């Protein structure tokens, strides 16, 4: 029996409708939400992501100011640009596409962003609010938020559930752990040093795959009926498409599953825009 | 068979010897480490903790400047005091005893402390560094650090181990989860909404009790031979002593256990002093 799929697009559409209404409300108060995106170099995926933000933003009445800098840009130039955006009252969100070129200190760039404009949730203050259970103050990375939004909007109860989270990275695994704890899930965090990954996955009523490793979560690891949320975005071997962290045949045993492509990843850009509206609010403008 | 006990005092002594050496090294460079402690009101436990810091600091050659303010002090006065300490080059650490009186916004006070002087690890930036895996930059709360120090210094391997963590609070449970993930443990975080706490505890090779609820972890929940680290500090029913989150007879089945009193709690003041020396380093003075 094939798993029921939670598709990202209808949920993204729901959220976009909410955003559109909010944007109209803000414009009526003469606040025109604007997101600044910095792209340094020409990493292929980053170019696509940046353009996608412009497109999605445009459809929502949100201006996305994309600034492209050459790969050999000095760190000080990047920091100056961020400072200018921090000080610009008309710029409400700042996002720097990752990865950055190797000569740039990623942490210095992240910490330069005004936490209240940090729509990617990479500043330590935002991570700290999240860890401290102060979600209302935090701007939170889009992928973990997308995982939670898909589950919640598809009517999947998280409270009291056993969730096995595969992955402990700082953009998905760890922030997602905080979100799930706050939502009363009993979480187990697995990673490369976990001795019995199949056993841990079989223990979960919900398994979230967020390791960034194609096909890591296999059919044999999943108890029939399990909810599988796949946050993986990996290139397929031929480089022509993307695939998840769950092997395709996991769908044969899972009860409910998010597809890749078309699941978690199809929500992230929309959630960045939702974060922008939260940023507007945190700046006292809404 | 009774569990082998990991006693806190010998380990505290080890750490104090290391601190004493470091303090001597700093004084040779004309840096005299100084901790400022603010006590607002007369909460009985807080008075004891503050005095204990003065005593332990004194024995280590560390000056502890204890400032006592009445319970009805206005928030602005507290914030001004913190600002003065932030700006004072000779004060390297700032700690505000909790709980604060109810008319004070705890979060405002925490965020007022210079993160580099925040020896209690309560500022969002420090929580964020911890969550982001940047422990070298973070000042981290003493109790979770004490749990890890007891385990590591008693030779208990954490890497690859299944750890059941009972408690998700912001001073022990959540920061400890980050520390354990970083040390390659496979952690399960349990809390009041966990459906099968006994089952989760029985799954753990190590159980950390950090819920702040006397006797919550019972003998029947513990697999023979388990390592039990008890971070609970609860008043006994007669109010004359303290007891842990693990019931006393857990010691009959556990393989190794930290006692209460005399375990985790006997390390925390010492670790505050260790944090002070890290703060000195983060301030570029060591």
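Every residue gets a Cβ built from N, Cα and C, even glycine.
Positions annotated as domain 'Tetrahydrofolate dehydrogenase/cyclohydrolase catalytic' by TrEMBL: B:6-120. Annotation source TrEMBL lists domain 'Tetrahydrofolate dehydrogenase/cyclohydrolase NAD(P)-binding' at B:141-282. Residues annotated as NADP(+) binding site in TrEMBL: B:167, B:168, B:169, B:233.
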Listed binding-site residues (B:167, B:168, B:169, B:233) that sit near chain A [CB under 8 A]: B:168
Three-state composition of the domain 'Tetrahydrofolate dehydrogenase/cyclohydrolase NAD(P)-binding' (B:141-282), taking helix and strand from DSSP: 55 helix, 26 strand, 61 coil
Of B:167, B:169 (the binding-site residues), the residue whose Cβ has the fewest other Cβ atoms within 10 Å: B:169
Residue B:233 (NADP(+) binding site) CB neighbourhood, other CB atoms within 10 A: 20
Per-state residue totals over the domain 'Tetrahydrofolate dehydrogenase/cyclohydrolase catalytic' (B:6-120) - DSSP helix, strand, coil: 60 helix, 19 strand, 36 coil
Distant-in-sequence Cβ neighbours of residue B:168 (NADP(+) binding site), under 8 Å, six or more positions away: B:174, B:177, B:189, B:190, B:191
The domain 'Tetrahydrofolate dehydrogenase/cyclohydrolase catalytic' (B:6-120) [mean pLDDT, rounded to integer]: 97
